[in-house]
Amino acid sequence: MLGINHLYLKLELVLLALIFFFDVLQDLGIARHLANFHMAMLKLFNCALIFNSCILLVLPIANADGDVMKFTDADFKERSKPYDVLLVKFYAPWCGHCKKLAPEFEKAATKLLQNDPPIHLAEVDCTEEKKICDEFSVSGFPTLKIFRKGELAQDYDGPRVAEGIVKYMRGQAGPSATEINTLKEFEKIFEADDVTICGFFEGDSKLKDSFLKVADTERDRFKFVWTSNKQILESNGYNDDIVAYQPKKFHNKFEPNGFKYDGNYDTDKIKEFLLHETNGLVGIRTSENRYQFDQLPMFVVYSKIDYELDPKGSSYWRNRVLMVAKDYRRKAYFAISNKDDFSFDLDEFGLANRKSTKPLVAARSNKGKFFMKEEFSVENLRKFVEDVVNNRLEPYMKSEEPPEEQGDVKVVVAKTFQEMVTDAEKDVLIEFYAPWCGHCKALAPKYDELGQKLSGEPGVVIAKMDATANDVPPPFQVQGFPTLYWVPKNRKDKPEPYSGGREVDDFIKYIAKHATEELKGYKRDGKPKKKEKEL
């Protein structure tokens with residue numbers, strides 16, 4: 001957009017220069033006969049001004065500061081409609097992360113306007129434009145979302161630096177699914193490094209429409225192609241179907257090369273298929289795609305998996321797992337991972353110190369976590385799977401040993417969590433912390449003081465647990481440190497995240513208000529009770 005404005009500005013400057021040039025010639029008496037030309041130039045200049053003004057009226061308005069368009073509640077719907085792909089930033093001026101993103105977003109906008117075709121970026125100030133921010137459920141800042149023809153397509157989950165934004169958005173432009181017209185083109189999909197999702201459509205259909213919609217939202221995760229070529233349809237035996245094809249390097253005798261979607265045209269069901277059915281019977285689990293492996297029970301085999309440096313060795317171990325996985329389709333789920341990339345997993349399952357040249361095996365079910373104690377073999381893996389599926393094993397629990405003595409703040413470990421928190425007939429305030437966390441260290445003296453001040457309260461426990469050394473049980477969720485929960489005496493299954501202040505008085509006011517039974521030393525408003533005088 002600004003590129004067009006710049007073009008007309010240059011045109012105006014050229015016309016002004018020509019007018020000035022002919023003025024000089026006339027003053028010198030050299031070009032009196034060019035007077036008519038001079039008048040023509042003036043008329044042309046005025047036309048250019050009018051035309052440029054019209055262009056500015058019909059084109060979306062950019063910020064005065066740069067190439068990011070600014071949308072409002074009043075114009076968002078109308079102005080977002082013309083764009084095949086549009087990235088919108090929802091922000092608040094006071095937000096520190098927004099301030100950090102702003103120059104990167106501006107640089108990306110300038111660069112993407114030079115793309116062919118241009119890709120546009122816009123922003124909405126949620127402190128001013130509350131209606132549109134509420135409509136799109138903006139709850140934190142900055143929030144970035146991708147729109148197509150005025151409709152929300154997906155949340156943006158890419159990088160937050162200029163080059164990363166540019167690369168990500170270029171991937172969002174253009175068709176999300178490539179049409180294949182020849183058998184030769186079709187055969188090339190097996191040469192890809194990743195799974196290819198292929199749509200076979202004899203004509204227009206609801207499934208085709210849904211396939212293309214899903215391709216729009218999932219294009220950054222999967223490669224999509226489609227065909228209506230009669231020869232390709234007949235040779236593969238499909239006419240209104242979606243198939244996920246494995247790359248040639250994963251082809252083997254234990255599973256088909258492609259997995260057919262057997263649902264209807266519901267886009268959510270297609271996405272579910274892509275998420276869980278496109279990795280074959282044994283998926284290659286990496287740090288980038290680990291979100292696809294959340295089904296239970298899930299068995300992960302950790303080894304030196306590297307299809308670039310050692311494709312033969314990697315296929316060898318995958319095929320060993322396939323010998324078991326083929327008998328458990330949709331009863332259990334399997335993956336292999338490079339153990340060097342998942343040291344955190346190995347630590348979580350108690351396998352970090354295991355010395356073995358053979359693969360290590362861990363599992364997760366709705367009963368808990370497990371690891372295979374025996375050395376890896378197909379027979380041992382099969383028995384381990386049977387034992388986990390049939391609930392014959394005790395779950396593994398990562399836990400410190402409980403302390404011999406307790407202070408005012410009770411130290412909880414995974415082994416004692418049920419006894420001290422879940423089964424305790426008291427209200428519990430528990431802090432999940434990490435020893436290295438700066439915020440936790442800053443909170444520690446205040447938390448100790450809180451424990452001391454409430455040590456005489458029989459109905460309340462102040463507790464803490466090192467969440468890096470102990471498993472945190474459900475339904476507690478710890479995504480940052482410190483995380484605090486209030487666990488009421490009569491609602492142990494519904495712990496409440498604590499989001500109040502972190503001064504001692506803040507804690508006391510909260511506990512005094514929410515305690516199941518009124519505190520002995522504090523009123524419900526958190527003010528100390530007057531001590532009764534001794535007789």
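A Cβ is built for glycine as well, from the same backbone N, Cα and C atoms used for every other residue.
Just so you know, TrEMBL annotations are computer predictions that nobody has curated.
Between CYS98 and the candidates CYS95, CYS126, TrEMBL annotates a single disulfide bond, the one to CYS95. Between the alpha carbons (Cα) of CYS437 (disulfide bond) and CYS95 (disulfide bond) lies a span of roughly 23 Å. Between the alpha carbons (Cα) of CYS98 (disulfide bond) and CYS440 (disulfide bond) lies a span of roughly 26 Å. CYS95 (disulfide bond) falls outside any helix or strand according to DSSP and counts as coil. If you average pLDDT over the domain 'Thioredoxin' (48-174) in this model, you get 86. Long-range Cβ proximity for CYS440 (disulfide bond), meaning a same-chain Cβ under 8 A and a gap of 6 or more residues, is found for GLU431, TYR433, ALA434, PHE481, PRO482. Here the domain 'Thioredoxin' (48-174) has, by DSSP, the following mix of helix, strand and coil residues: 50 helix, 26 strand, 51 coil. CYS437 (disulfide bond) falls outside any helix or strand according to DSSP and counts as coil.
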